[in-house]
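These features come from Swiss-Prot:
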type    : residues         : note
DOMAIN  : 3-144            : domain 'Clp R'
REGION  : 6-71             : region 'Repeat 1'
REGION  : 80-144           : region 'Repeat 2'
REGION  : 163-410          : region 'I'
BINDING : 208-215, 545-552 : ATP binding site
DOMAIN  : 417-452          : domain 'UVR'
REGION  : 471-662          : region 'II'
Amino acid sequence: MLFGRLTERAQRVLAHAQEEAIRLNHSNIGTEHLLLGLMKEPEGIAAKVLESFNITEDKVIEEVEKLIGHGQDHVGTLHYTPRAKKVIELSMDEARKLHHNFVGTEHILLGLIRENEGVAARVFANLDLNITKARAQVVKALGNPEMSNKNAQASKSNNTPTLDSLARDLTVIAKDGTLDPVIGRDKEITRVIEVLSRRTKNNPVLIGEPGVGKTAIAEGLAQAIVNNEVPETLKDKRVMSLDMGTVVAGTKYRGEFEERLKKVMEEIQQAGNVILFIDELHTLVGAGGAEGAIDASNILKPALARGELQCIGATTLDEYRKNIEKDAALERRFQPVQVDEPSVVDTVAILKGLRDRYEAHHRINISDEAIEAAVKLSNRYVSDRFLPDKAIDLIDEASSKVRLKSHTTPNNLKEIEQEIEKVKNEKDAAVHAQEFENAANLRDKQTKLEKQYEEAKNEWKNAQNGMSTSLSEEDIAEVIAGWTGIPLTKINETESEKLLSLEDTLHERVIGQKDAVNSISKAVRRARAGLKDPKRPIGSFIFLGPTGVGKTELARALAESMFGDDDAMIRVDMSEFMEKHAVSRLVGAPLGYVGHDDGGQLTEKVRRKPYSVILFDEIEKAHPDVFNILLQVLDDGHLTDTKGRTVDFRNTIIIMTSNVGAQELQDQRFAGFGGSSDGQDYETIRKTMLKELKNSFRPEFLNRVDDIIVFHKLTKEELKEIVTMMVNKLTNRLSEQNINIIVTDKAKDKIAEEGYDPEYGARPLIRAIQKTIEDNLSELILDGNQIEGKKVTVDHDGKEFKYDIAEQTSETKTPSQA
């Protein structure tokens, strides 16, 4: 707040406000304390105006104490509430409108009148202050009819009418104090001033990534001119922001655009004190240049070269390269000023400078911790945008969320409102039916409810005023989690239990394979607890083993446990990348090839879902060169697509599956199943597969993988468990047709026996179930047997499968229990 612009009496009002907050043991200085401060200055215009409406200091004190009362003992620094800050800003705005250089008590009173939601506004309402008359009385006391000189600013610029209609005067806006403060850009503003002070080609162009603060530098220059912090050469200059879209708009006939632009140039040259600011400078190229007519850039070139027209441009690096650099004559008329992305420390300082504006707008308190969290989290997790823009957006949206949450009408008030409406309708119906005694009772009930509603509403409002709404780190984390889908909020008890029991959750779908399940679970817990390396993926794994042991199933189970759906993972079938040129499909087709605009199959999916499980299935099937592209993904957690965009893989789990070495094992008659010495078999499988893996893939690729896991062979007991899982899936499908199927243990053992194949793992079980159960059931259904609503028991008598169809009884188990 600009305390230097306050009169001595207004400064004393703020001091009195602080004293009143201390006297009442309040933790913040609010609008009510400002009002009490005004009453403590009886010689001020504000106090005299209020006294003329029979509002005295004693009455104000009584109302304030009645509305919010005394607080608990408070120790610590007092801060202004967002509403109080808003009042100070409004008072400064009132002073500007009345063309006063300083803010007095009268302006603070006008600010309190305009801010109509605080405790002070309720005090005015309770004391029956006529707001319109009070405002008129203040203006009358000043002897200065409001806005009598409405066009005072326009008189300075009446020699540039066309320019004024097409451009915004940033110096006037800066004088009004409505521009956001510019922090930490002194070096760039100084360089702009140096270029503007040249004799010729005095046209700086601000070049930088979107959102780094290029436009803010032009606004900073306007503020520097207003504050008289510029050299003599730039004093009294006007910075005018010209929008090329506005210049082109409405030019229906040929020559109209050129005439309008020439008129603007003539006015600028005659005025001699205008610096033109063109945001999105690349729009000059081609603007208005249809059917052979010259465009805006060619019209401006002569004046820019001679120094008759001072222009500040702003554009991005890509647009500068595409549009400005290709026109060498235009490029040499502008002097580039590089605007880099600010550091994390500088961004924190920028946000602290903007804090007052956002607190006043959202009427909440923004803590230092929230600002630091916004900068750090946006810098880490929002990789396709730039500071400070993304951090400012994060603070703005989180503040909006907190404000809306705290100002939502509570349920008890809504219930009373609905009850009042209901009673009112019943009363009207009773009157219409001429049941006047009942109507009178309902009227009394309505009055009682309305009184109850007012009391509850006042209690809620008092609680709101007493409670300072603050923006916390957790609010910031919630918003960024909503943006990216990455869970960043504090781990609650339910999620903590879920993470600690992740192994059990995965084992519900994946039978056996403890090593793989444990390794994956540990990686997920490390990431969620915030302990993982921030520059690498959550985890990268190679799953080795013969076919059908659960490698792909584990990836699906992990996706389901993390996202609630096993289709949520990004699956890349490497058998589709058997040719060398197919690698372009991962990151996008090169420039000039068909499909360049479509993006890569992998990069586009990860850009849309940065928090995901990526499965590269059957990696040995792909061309060896395909894996070179994954080197930087595994090491640095990012990949650059063909459009030059960096795609962030730091919040992904990368799983690669392979059957490499399986053929050699088969040749050695070790397929990974059966055998009496399980440990010996597993060691043989492990050594063979790791040896083949090293022969098939380069060491720099394998060295970047977090863990290489060789899956165990499946025992007969595990196969029986898998049969039970598959049968349960079948019963769930049949339950949709109202058929209850029960498969006995003997039948399951026989299915496991028939489906047991040492070469193919668990997949033959699917075929065994189809052959033994599904085929026969389908015949029963199609043969006219009415088995819908009945119980079908599948058993094996030692020779063949038997099917017993019976009516369902109340004791019959549900399909899920079968």
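Every residue, even glycine, has its Cβ placed from backbone N, Cα and C.
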Mapped onto three states, the DSSP assignment of THR547 (ATP binding site) reads coil
Confidence summary for the region 'I' (163-410), mean pLDDT rounded: 82
Secondary structure composition of the domain 'UVR' (417-452) [DSSP: H/G/I, E/B, coil]: 33 helix, 0 strand, 3 coil
Are there any residues at least 6 positions away along the chain from LYS214 (ATP binding site) with a Cβ closer than 8 Å to its Cβ? List them or say none. LEU206, ILE207, GLY208, ASP279, ALA314, THR315, VAL339
Mind giving me a neighbour count for PRO210 (ATP binding site)? Other Cβ atoms within 10 Å of its Cβ, every protein chain shown. 13
Candidates VAL212, VAL549: member of the binding-site residues with the richest Cβ shell (10 Å): VAL549
Give the number of CB atoms, excluding that of GLY545 (ATP binding site) itself, located within 10 Å of its CB. 28
Could you say which of the binding-site residues GLY208, THR547, LYS551 has its Cβ with the most other Cβ atoms inside 10 Å? LYS551
Return one of helix, strand or coil for VAL212 (ATP binding site), based on DSSP. coil
What are the DSSP helix/strand/coil residue counts across the region 'Repeat 2' (80-144)? 46 helix, 2 strand, 17 coil
